[in-house]
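Before any comments, here is the structure.
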Amino acid sequence: MRGARGRPMRRRGPGNLAVLAVALVVVGLVYAVLVPGSATGADGPQSQQIEEGRRLFAVGCSSCHGLNAEGGTNGEGHAAGPSLIGVGAAAVDFQVGTGRMPAAQPGAQVPQKPPAYSEEEIAALAAYVASLAPGPAVPPSESYDVSKVTQEEIVRGGELFRTNCTACHNFAGRGGALPHGRYAPSLMDSSPRHMYQAMLTGPQQMPVFSDAVLLPEDKRAVIAYIVALQESEDPGGLPLGRLGPVSEGLWGWLAGIGLLVLVAVWIGAKVPRTGRGRSPRGE
Ligand code: HEC
Ligand code: HEC
């Protein structure tokens, strides 16, 4: 036995160790190149994004939420913005993505408006807030992709919507008033991503529907139902709050009666004239 296999370990040890070391370094480098976003790289793009987020936050958000997102007070000691520690990337993506944040001035409720930040800036702000403490992450796009849902899923989503959401959002998703000058907005312009995040983070008066309470597939069914509402034409042709056959029937009835009255008036106006037209012949 004189082949390499036969040699005692000690003699070939150093050579093999060197090969092993080189291999490890190569694997490490390849890994570092292929997995740039891994949270461990202190100088990786991930931490650059967090730095960028921190910078944007200091400029645009810290006046209300505090320099470290710990929550801020205004001059008179009133809370200007809540602490964002632990609200998670999803809350930031929702609040900034729907234009609610940065809030312009204090009021009963911060309204939606066109977003003030680009997609990348929102992602940076979200990464920064997420780096402070764990919280709900931005959901992956498959979780709110409703392009392939079945009709049964939409029906199930409708049931879930009626149980969980109509109390505030109206059963046609048109929104409604809440106490103290607040309101649940109409969902007719909401995007699937923001719907998912609204359920996940429960903005303001809205309860949090965590993934444990409303399973991700239930959330998708609800989203599919709302999207179907958005896409469907109003059955009655007029947005009457979708109160159903009663209100639409009422309108049909009123319009129909109106038409009948007009016809009656027209006939009434016409009859004497024809009468007069005939009278010379008749008398
Ligand atoms: C003028 C003050 C003000 C500014 C500026 C501001 N916010 Fe807010 N923010 C608020 C207030 C007030 C609330 C609570 C609003 C509510 O409950 O409707 C809030 C709520 C939030 C929430 C929701 C927290 C939760 O518990 O879900 C997030 C996330 C947030 N802000 C992020 C931001 C970010 C990011 C910026 C900067 C781009 C920003 N805000 C700028 C005042 C402000
Ligand atoms: C207790 C009342 C309440 C219930 C129940 C409720 N919501 Fe809301 N919802 C609100 C309020 C209030 C807001 C606005 C929060 C804000 O402006 O900060 C809101 C906001 C939203 C938004 C964001 C709309 C947009 O485009 O900006 C979506 C989407 C939404 N709700 C979906 C749902 C769904 C789906 C359910 C049921 C699973 C539900 N909500 C249950 C009160 C409620």
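Glycine is no exception: its Cβ is also placed from the backbone N, Cα and C atoms.
What TrEMBL records for 48-133 (among others) is domain 'Cytochrome c'.
Under the heading heme c 1 binding site, TrEMBL lists C61, C64, H65. Contacts of H65 (heme c 1 binding site) defined by a Cβ separation under 8 A and a same-chain sequence distance of 6+ are given as F57, G71, G72, A80, G81, P82, S83, L84, in order along the sequence.
As annotated by TrEMBL, domain 'Cytochrome c' applies to 152-230 (among others). Helix, strand and coil content of the domain 'Cytochrome c' (152-230), in residues and according to DSSP, is 42 helix, 6 strand, 31 coil.
Marked as heme c 2 binding site by TrEMBL: C165, C168, H169.
The transmembrane segment annotation in TrEMBL covers 250-269.
Looking only at the binding-site residues C61, C64, C165, C168, the densest Cβ neighbourhood within 10 Å occurs at C61. Every protein chain considered, the tally of other Cβ atoms within 10 Å of the Cβ of H169 (heme c 2 binding site) stands at 21. Across the domain 'Cytochrome c' (48-133), DSSP assigns 41 helix, 5 strand, 40 coil. Summarised as a single figure, the pLDDT of the domain 'Cytochrome c' (152-230) averages 94.
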